[in-house]
Amino acid sequence: MREFIPPASRFIELPDGFAMRRGGALYGARIAYETFGSLNAARDNAVLVLTGLSPDAHAASRPDDPTPGWWEAMVGPGKPVDTDLWHVICVNSLGSCKGSTGPASTDPRTGEPYRLSFPELSIEDIADAAAHTVRALGISRLACVVGASMGGMSALALLARHPELARTHISLSGAVHALPFSIAVRSLQREAIRSDPGWLQGHYDEGEGPRRGMLTARKLGMMTYRSAQEWDCRFGRTRIGERRRADQGRFGPEFEVESYLDFHAQRFADRFDPNSYLYLSHAMDQFDLGDGGGGGGGAPGALSRMRVERALVMGARTDILFPLSQQQEIADGLSAGGADVSFLPVDTPAGHDAFLVDIERFGPPVAKFLAIVA
């Protein structure tokens, strides 16, 4: 088991006995984060970024780590989330393997990796850990919390559980809960990992582990992150070269789209812990904003009770994983609570991953919204 920690990561310790929503507690746990841009004297220009399932806290390049970040085109000087104006905090999710405590981390009580002894993880736990991190950094109120994909779920949980912590919200391809299609896909991803003999009931060590399962899981995921329209335009029925086909043997990859999936799945499997994948994926399926909390009314009621002044809600029309109807639900619920909400459906072939790869369409509305907030 391995953790994959970016070199510029900083850490905030969680309080001992950090209670997990579905039972259990963590001791000696920590949250990894990175910051970009300067905090002003009033400490009121902080923007929190909550990530999807796989990213680390390295959203953008920094002087002490010039490696391009996973959101390099969105975060930085003069970019839509302008670090000349904003102090951006990107938090690695609790349960991940990118610096925050998760199944691959060492349990201080045993000196061994947690593996499956790590408590059941919830999106609410991720939100609570992020809220603790913000307060530990001396920030009592965020100018904005930005959440994309799973991070959109985490942001909504944070706003519900810590209503005074953020003034505004940007939701990019988020959701108040997972729909059956998304649950089915992630269920198959987890099954692929658990069915791999190398998983060993979570007790694999460094080395191969359930690599074949991880490759299949990632390929399944990538099929849902983009759209059929993009696959058609990008690959068509183009075949790989004769020599490459011969190297693969009978029934091996023949089309460029297969080669693309394999390349990116191999790269992902090299740098993500399978147990972390299982925990985070399961947390997404279990999340429902309408569960728990007082007030009733399900998810719409929870959204209407959030205390944000403004919100920007964006989603791709081609997103099959977190479809546009879920973005409309978020916008309607926040608006019912009195927030000034901008809802922007985006025409893009990039599907769910559009917030990552189609900055031409997602960037300007984000920049415009933050200019109003400033």
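Every residue gets a Cβ built from N, Cα and C, even glycine.
DSSP gives Ser149 (active site, nucleophile) a coil state; it is part of no helix or strand. Non-local neighbourhood of Ser149 (active site, nucleophile): Thr51, Gly52, Leu53, Leu172, Ser173, Gly174, Phe322, His352, Phe355, each in the same chain, at least six residues away, with C-beta under 8 Å from its C-beta. As annotated by Swiss-Prot, active site, nucleophile applies to Ser149, with the evidence given as sequence analysis.
For Asp319 (among others), the entry in Swiss-Prot reads active site. In the three-state DSSP reading, Asp319 (active site) counts as coil. If you take the C-beta of Asp319 (active site) and look for same-chain residues 6 or more apart in sequence within under 8 angstroms, you find Ser173, Ser227, Gly351, His352, Ala354.
Look at His352 (active site): DSSP puts it in a helix. Other C-beta atoms found within 10 angstroms of the C-beta of His352 (active site) number 24, with every protein chain shown included. Look at Swiss-Prot and you will find His352 (among others) tagged as active site, backed by sequence analysis.
Marked as domain 'AB hydrolase-1' by Swiss-Prot: 46-357.
What Swiss-Prot lists as site 'Important for substrate specificity' is Gly52 (among others). All protein chains considered, the CB of Gly52 (site 'Important for substrate specificity') has 25 other CB atoms within 10 Å. Taken residue by residue with DSSP, Gly52 (site 'Important for substrate specificity') is part of neither helix nor strand, so it is coil.
With a cut-off of 8 Å between CB atoms and residues at least 6 apart in sequence, the same chain places Trp70, Trp71, Asn92, Lys98 near Pro55 (site 'Important for substrate specificity'), listed in sequence order. The site 'Important for substrate specificity' annotation in Swiss-Prot covers Pro55 (among others).
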